[in-house]
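Data block below; observations after.
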Amino acid sequence: MLTLPAPAKLNLFLHVIGRRHDGYHLLQTVFRFLDFSDELSFELRKDSVIKLHMSTAIIPEEENLCVRAAKLLQQESGAAQGVDIFLKKQIPMGGGLGGGSSDAATTLLALNQLWGLGWEKNGLMKLGVKLGADVPVFIFGRSAFAEGIGEKLAPIELPSAWYLVLVPSVQISTAKIFASKELTRNTIPIKIPHFPIWQGHNDLESVVCRAYPEVANYLEWLKQLDNTTIVRMSGSGSCVFAEFATEIAAKAAVEQIPAGINGFIAQGLNRHPMCISMD
Ligand SMILES: C[C@@](CO)(OP(=O)(O)O)[C@H](O)COP(=O)(O)OP(=O)(O)OC[C@H]1O[C@@H](n2ccc(N)nc2=O)[C@H](O)[C@@H]1O
Ligand SMILES: Nc1ncnc2c1ncn2[C@@H]1O[C@H](COP(=O)(O)OP(=O)(O)O)[C@@H](O)[C@H]1O
């Protein structure tokens, strides 16, 4: 049995700078991993079946991104073996924290090893983007500045930071937010090496806040905290976060969360937790 983490990510900013002919949006974003993860275990099977095991079935098995990733890799590589996948979810779904994409990436990395395929990272990333625009960065394995639809990646080293993440009670469809008529799609492109992250913004934030007042209220609450360096929504929401330079400041903030609001603190990582075995 091989047990591996699938970490959450934050988009420290997310600028929409244009749109492709197929409707996908051109982005500029910074991805950062968190030490807050789902857990996946993999056990080889004697037959070619791919089977998912979860304590509570959140979505139909064949739609789960782990199963879709395993089937796609099996099909593209011609692997004859199957696998039992055991998934423990911790990352909120539809929260803009990339949990489904991270589960898919961990599945591709694990099966490349277990099935003895020997694919290079680049090949896995190209396969990954067919499952979702967010999948490649989890295979890339480093904090990154991303362009294109999120798949053109350049590594960056970010200063150490802790994050208070608030989890509104709504799940948000990424496709619906990108389809909004109100979305600003013409933010002026920036040159990342010289761009201070705190000056960035998330173009999806105002669209989400209008449709989901709970997200707007959570952001307002974070903005009144002391010692924050950034307060923003991640991806297409619903989660919002505040960045702190020290763990002490993040812990002081988490203690102030009003009853009934769900949140957690996590440390920002510059490397995917599987990175040591991936490089
Ligand atoms: C917004 C972001 C920011 O990191 O994260 P999430 O909020 O989903 O975590 C990503 O771009 C989401 O990536 P991912 O969740 O993998 O999206 P996909 O499954 O590829 O796309 C879902 C839908 O969103 C739209 N989409 C996605 C990415 C993109 N660059 N432009 C788009 O227009 C498309 O309509 C697509 O059909
Ligand atoms: N393993 C998975 N974990 C979470 N969501 C999944 C998974 N497989 C498929 N999905 C689908 O993908 C959608 C987006 O998932 P998720 O990655 O959690 O959110 P986001 O794209 O907002 O970061 C979910 O609403 C769900 O329908």
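Cβ atoms here come from the backbone N, Cα and C positions, even for glycine.
TrEMBL labels come from automatic prediction, so no person has curated them.
A quick note: this is a predicted structure, and the numbers were derived from the prediction, not measured.
Database features, via TrEMBL:
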ACT_SITE  K9  active site
ACT_SITE  D134  active site
BINDING   P92, M93, G94, G95, G96, L97, G98, G99, G100, S101, S102  ATP binding site
DOMAIN    64-141  domain 'GHMP kinase N-terminal'
DOMAIN    202-258  domain 'GHMP kinase C-terminal'
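By the rule that a residue counts when its Cβ sits under 6 Å from some atom of ligand 1, the recorded positions P92, G94, G100, S102, D134 yield D134. Listed in chain order, the extra residues whose Cβ falls within 8 Å of the Cβ center of the ATP site residues P92, M93, G94, G95, G96, L97, G98, G99, G100, S101, S102 are A8, I91, G235. Checked against ligand 2, the recorded positions K9, P92, G94, G96, G98, G100 give G94, G96, G98, G100 in sequence order as having a Cβ less than 6 Å away from one of its atoms. Using Cα positions, the member of the recorded positions G98, S102, D134 nearest to K9 (active site) is identified as G98. Least packed by the Cβ count within 10 Å, out of the binding-site residues P92, G94, G96, is G94. The two recorded residues, G98 (ATP binding site) and D134 (active site), show a Cα separation of 7 Å. Under the three-state DSSP scheme, G100 (ATP binding site) falls in the helix class. Taking the Cβ of S102 (ATP binding site) as reference, residues of its chain lying under 8 Å away and at least six apart in sequence are, in sequence order, A6, P7, A8, K9, S37, D38, I91, D134, F138. With helix defined as DSSP H, G or I and strand as E or B, the domain 'GHMP kinase C-terminal' (202-258) counts 26 helix, 10 strand, 21 coil.
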